[in-house]
Amino acid sequence: MASTHSPAIAVTGLRKSFGDQVVLDGIDLDVPRGTVFSLLGANGAGKTTTVKILSTLLGLDAGEIRVAGYDVVRQPDAVRAAIGVTGQFSAVDKLLTGAENLRLMADLHHLARDAGRRRAADLLEQFDLTDAAGKPASTYSGGMLRRLDLAMTLVGSPQVIFLDEPTTGLDPRSRRDMWQIVRDLVAGGVTIFLTTQYLEEADELADRIAVLNQGRVVAEGSAEELKRQIPGGHVLLRFGDPEQLDAARRVLAQAARDGDALALRVPSDGSLSSLRSLIGLLDDRGVQVDELSVHTPDLDDVFLALTGNPTKDKVTAR
Amino acid sequence: MSTTALDLRTYPLRDSATMLRRNLKRMLRYPSMTVTLIAMPVVFLLLFVYVLGGTLGAGLDGTVAGAGGRAAYANYVAPAIILMTVTATIQGTAISIAMDMTEGIITRFRTMHIARVSVLTGHVLGSVLQAVFSLVVVIGAAILVGFRPKAGPGGWLAAAGFLIAVAYALVWLAVALGQVSQSVETASNLPMPLTFLPFLGSGFVPTDSMPAGLRWFAEYQPFTPIIETIRALLMAEPVGNKAWIALAWCAVIALGGYLWSKRLFNRQG
Ligand SMILES: Nc1ncnc2c1ncn2[C@@H]1O[C@H](COP(=O)(O)OP(=O)(O)O)[C@@H](O)[C@H]1O
Ligand SMILES: [Mg+2]
């Protein structure tokens with residue numbers, strides 16, 4: 001039964017394995033209508049698998065899932081009629097032009113010929129593709145393909161839109177364009193389920209964020225709530241040589257390497273007293289620090305606190 | 001909680017027509033494929049009529065009505081070349097299905113509320129039309145090199161209907177083969193045996209001249225009654241029961257290909 005008040009997406013106890021490999025190990029999600037929900041996770045965390053299951057492309061091993069009020073297993077047709085999916089990999093017909101791709105979607109949604117042409121033209125305009133409308137999609141740049149892909153998803157005016165890593169591989173400008181498009185869509189009242197590897201992206205767009213790590217949701221909440229889950233930000237220490245770094249590591253149990261750089265991140269609330277004790281600790285052992293900087297908390301830190309891994313290894317932060 | 005009546009009707013005919021338009025556009029955009037598919041049977045035609053025809057034709061004496069030689073052989077071999085035109089076309093079907101599967105647009109179709117089968121029927125109808133086009137070109141070429149069909153309008157009509165049935169059946173098989181192929185490369189190789197099947201039948205030489213084991217295979221494999229039916233219809237000879245055997249084979253191949261294709265398409269990846 002689809003009530004207009006039911007959540008856009010409700011997932012309980014979702015499990016999925018590929019052979020022996022458990023990819024989703026009991027996921028619960030709840031996405032209210034008209035909001036942007038971001039599933040944040042590293043490469044291989046199971047984001048695409050989740051999107052495929054929610055969009056009826058893939059079966060599940062256990063769990064209960066309702067999308068737009070319909071059960072994905074028992075009412076896949078109703079779910080499909082309510083959703084639009086832009087997958088991680090381009091789903092346009094490269095031999096057709098941009099306009100032809102959009103008209104194909106209009107025909108499949110059974111829009112009348114004139115209405116379909118108008119819808120295609122409007123979307124081309126909205127996504128800044130009018131000039132390229134008559135060119136085969138094979139000649140499009142990555143950013144244009146992504147925009148066309150999303151425009152095709154919108155032809156049927158879906159209530160719930162899935163975007164699987166919509167900005168991966170895009171240049172910064174195209175990424176910003178895509179963000180603006182997402183904001184405009186939400187303003188129009190649809191629900192968006194977005195996956196990303198980028199903390200910044202989740203922070204920019206999402207009302208709520210779930211962090212997916214090793215098959216489980218390790219944290220969920222608004223960006224603010226997640227940031228509040230850890231006491232403070234961190235102190236970044238840079239070293240001149242590996243010996244100094246190792247010496248500091250022996251002193252600071254909570255410190256984690258900052259990627260491949262000769263640098264350590266030490267969880268800290270940034271208060272004067274905590275800095276004083278940190279500096280005192282390093283001074284006592286005669287550890288040479290080239291540079292010290294204080295960082296107020298961001299989602300990187302949340303990831304660090306939640307997974308015990310520096311985000312550079314797990315999630316690409318920019 | 002209010003229950004809204006949800007309209008989940010599908011429109012298979014309308015969606016199939018949409019998909020057909022898509023496939024026809026793709027063929028026009030990528031004509032080199034069609035050209036290659038027509039070139040193959042034409043090359044075989046020229047090879048067999050001009051290089052081998054004189055000798056093979058001489059061997060036909062007594063087995064086939066009319067005098068031996070190149071002219072008689074052109075008449076004998078044309079039906080095999082005609083069938084080969086169909087098998088070449090379906091190689092293209094398998095390739096374009098496999099290309100589609102790798103391109104991701106099919107994944108999009110799967111997430112849409114459309115008549116699912118239309119994704120496949122669009123390809124099937126497109127390929128049958130492509131086969132008709134190729135057949136017209138290849139039969140024209142055969143006539144240019146000496147093929148002299150004796151069929152009247154009725155015979156031609158029957159032959160056309162029969163060839164469309166054959167193409168339809170083999171295309172469904174190719175749709176399945178294209179789906180099981182994990183790559184475009186495999187898709188172009190999998191239907192290859194079909195291309196050579198006419199050689200192991202009565203397509204190029206009468207089966208009487210073959211060793212016993214091969215002759216048994218040649219007489220009972222599906223392409224033999226198909227070729228013989230085409231030959232009989234176009235040469236205005238009595239068709240006999242081989243047309244029924246051929247049509248039965250077509251029905252089996254079409255149904256098998258359809259069910260296999262549908263299962264492959266509906267499996268969850
Ligand atoms: N069809 C499949 N068969 C086997 N393993 C798979 C399949 N799809 C995904 N996986 C595995 O599941 C894990 C999660 O993959 P995926 O959902 O694509 O992650 P993400 O999108 O977060 O990068 C990976 O380890 C991947 O190798
Ligand atoms: Mg992915």
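Residue positions begin at 1 at the first shown residue.
Any Cβ shown, glycine's included, is placed from N, Cα and C.
Annotations in TrEMBL come from automatic prediction, not curation.
TrEMBL annotations:
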{"type": "TRANSMEM", "residues": "B:30-53", "note": "transmembrane segment"}
{"type": "DOMAIN", "residues": "B:32-268", "note": "domain 'ABC transmembrane type-2'"}
{"type": "TRANSMEM", "residues": "B:73-98", "note": "transmembrane segment"}
{"type": "TRANSMEM", "residues": "B:119-144", "note": "transmembrane segment"}
{"type": "TRANSMEM", "residues": "B:156-178", "note": "transmembrane segment"}
{"type": "TRANSMEM", "residues": "B:190-207", "note": "transmembrane segment"}
{"type": "TRANSMEM", "residues": "B:243-261", "note": "transmembrane segment"}
Annotated stretches the transmembrane segment (B:30-53) and the transmembrane segment (B:243-261) touching (3 or more Cβ pairs under 8 Å): no
In contact by Cβ distance (the transmembrane segment (B:73-98), the transmembrane segment (B:190-207); 3 or more pairs under 8 Å): yes
Same-chain residues at least 6 beyond the ends of the transmembrane segment (B:73-98) whose Cβ lies under 8 Å from its Cβ atoms: 23, 26, 33-34, 36-38, 40-41, 44-45, 48-49, 52-54, 56-57, 60, 64, 66, 123-124, 127, 130-131, 134-135, 138-139, 142, 145-149, 163, 166-167, 170-171, 173-175, 177-179, 181, 183-184, 186-188, 190-192, 194-195, 197-198, 201, 203-204, 223, 226-228, 230-231, 234-235
Remote residues contacting the transmembrane segment (B:156-178) - C-beta distance under 8 A, at least 6 residues beyond either end: 82-83, 86-87, 89-91, 93-98, 101, 120, 123-124, 127-128, 131-132, 135, 149, 187, 190-191, 194, 226, 229-230, 233-234, 243, 246-247, 249-251, 253-254, 256-258, 260-261, 264
